[in-house]
Amino acid sequence: MIMSLSILYILPEILLALGVIVVMFSGLFLHGKIRNINYIFFQVFTLLALIATFAKEYLIQTTGLVFEGQVVFSGFAYTLQLVILVLAVFVALYSRDYVKDRKISDGDFYTLLMLCVLGAMVLTAAHSLVTIYVGLELLSLPMYALIAIYRDSGKGLEAAIKYFVLGAIASALLLFGMSFVYGMTGKLDITEIANVLAHGNFAGLQQQFLLVYLVMMIATFLFKLGAFPFHMWLPDVYQGAPNAVANIVATIPKVAAFAMLVNILFVGFPSLKDSWIYLFRIIGILSIFFGSLVALSQTNVKRLLGYSTVSQIGFVLLATTLNPQGYALTAASFYVIVYLFTTLAVFGVLTTISVGGYEVQDLNDLKGFNTKDSWLAFILLIVLFSMAGIPPFGGFIAKLFVVMGLINDGNYFLACFVLFMAVIASFYYVRVIKTMYFDDPDNDETVKPPLTSLIALSINGLVLLFLGIMPMLLLGVLTQVTNVI
């Protein structure tokens with residue numbers, strides 16, 4: 001494919017890279033001269049990238065590779081890239097007043113955020129071991145800086161160091177696994193690796209070593225997702241990071257990590273599916289069990305959300321093990337998207353109300369929240385209902401598809417286990433609702449969220465309701481784009 005045409009396939013990434021440069025220089029030379037200029041530049045370039053990605057998805061109806069197999073263009077990649085960009089727009093919107101209130105450099109904040117978005121976009125479309133590693137580092141490095149960006153918070157620095165150390169170990173595991181896979185196959189392209197494994201003579205000890213190398217690679221992305229037992233960093237980072245940054249950590253990297261798991265497992269290593277499918281079931285079960293039980297004892301809201309994430313990711317991993325493959329990928333993708341928008345809304349509410357000295361950390365901070373802002377409390381109620389899997393919200397449909405898939409596969413015991421743990425998990429969501437609606441507030445501080453955040457949060461809540469009432473619209477798109485993987 002000619003170079004000029006190939007560049008069109010990465011136009012969104014080019015726009016984001018240009019946006020990084022513009023926001024960085026804007027932060028240096030225009031800071032304080034034009035109100036919200038860095039925020040405006042961020043949203044403009046992100047929306048341009050969103051439009052370019054949307055146009056690509058509907059103008060390009062084929063799947064293929066560009067740049068010598070380094071980048072894949074497919075409906076699946078474009079759909080997840082659209083999700084990343086929508087998340088970025090909402091995260092920035094929720095964060096605008098929070099960043100100003102905490103006197104965080106908005107130039108630094110939006111530059112680092114856009115770098116994270118760019119890294120996630122690259123990682124989602126990566127089709128080569130080299131591109132995967134570059135995308136991962138482009139996503140991770142600015143994330144470490146973002147977690148520690150609020151200089152007045154010692155917990156933020158501690159969380160950043162912990163995340164950096166564990167992230168470095170995860171990256172090293174990925175490199176080790178990649179180098180061994182390259183040594184055995186002589187290929188960097190994921191599709192070519194799959195072809196070598198399918199037609200090569202890999203048996204006995206060689207196949208066992210290959211499985212070990214695969215585990216080393218996917219451990220990195222399980223770490224980014226926060227699955228058990230790679231979750232150690234997650235509650236601490238959620239708690240220590242500023243609320244606006246916690247929203248970023250909880251959403252954008254999850255999309256890219258999920259995309260890479262799908263590409264590596266279903267495109268690169270389908271020949272080892274009989275082995276990794278059992279591994280994912282075990283990790284999924286342990287994630288649901290551990291995350292749900294530990295969350296019950298949490299009094300810090302963000303730590304509770306951290307352990308809740310571990311449990312939710314367990315459902316995603318179980319979904320990837322279902323049959324047939326098209327159903328598995330559709331169910332897992334739908335669950336991920338619903339999870340992302342519920343998490344976006346929860347942290348969006350926490351970020352929006354954590355302005356003017358009112359910082360939400362513990363459950364006690366939400367006592368009587370309904371009396372302070374009944375509309376925000378209602379939105380949070382909707383989101384928590386969705387997380388708990390209560391109809392008619394998107395979370396119910398997402399969990400239902402996983403349970404139905406397990407039943408169709410004959411895994412009745414596992415389906416009963418998932419249902420039981422979903423009931424257990426609902427207790428800690430209900431506890432938050434009870435605190436908001438039935439406990440008396442500890443203080444008389446008022447909450448005055450900006451109108452733009454209220455509108456965005458309302459849209460966020462409507463999306464979750466829409467996904468519960470009319471899920472087939474999104475499921476139809478996901479079925480179409482996952483069938484060609």
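Note: Cβ is positioned from N, Cα and C throughout, glycine not excepted.
Here's what Swiss-Prot has on this protein:
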- 10-30: transmembrane segment (TRANSMEM)
- 40-60: transmembrane segment (TRANSMEM)
- 71-91: transmembrane segment (TRANSMEM)
- 129-149: transmembrane segment (TRANSMEM)
- 164-184: transmembrane segment (TRANSMEM)
- 209-229: transmembrane segment (TRANSMEM)
- 248-268: transmembrane segment (TRANSMEM)
- 276-296: transmembrane segment (TRANSMEM)
- 304-324: transmembrane segment (TRANSMEM)
- 336-356: transmembrane segment (TRANSMEM)
- 377-397: transmembrane segment (TRANSMEM)
- 410-430: transmembrane segment (TRANSMEM)
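The transmembrane segment (410-430) and the transmembrane segment (336-356) are not in contact, since fewer than 3 Cβ pairs between them lie under 8 Å (pairs 6 or more apart in sequence). The stretch in 71-91, 129-149, 304-324 that contributes the largest number of Cβ pairs under 8 Å to the transmembrane segment (276-296) is 304-324. Residues 136, 166-167, 170-171, 173-174, 176-178, 180-181, 184, 197, 202, 253-254, 256-258, 260-261, 264-265, 269, 272, 275-276, 279, 283-284, 286-287, 290-291, 306, 309-310, 313-314, 316-317 of the same chain lie 6+ residues outside the transmembrane segment (209-229) yet bring a C-beta within less than 8 angstroms of a C-beta in it.
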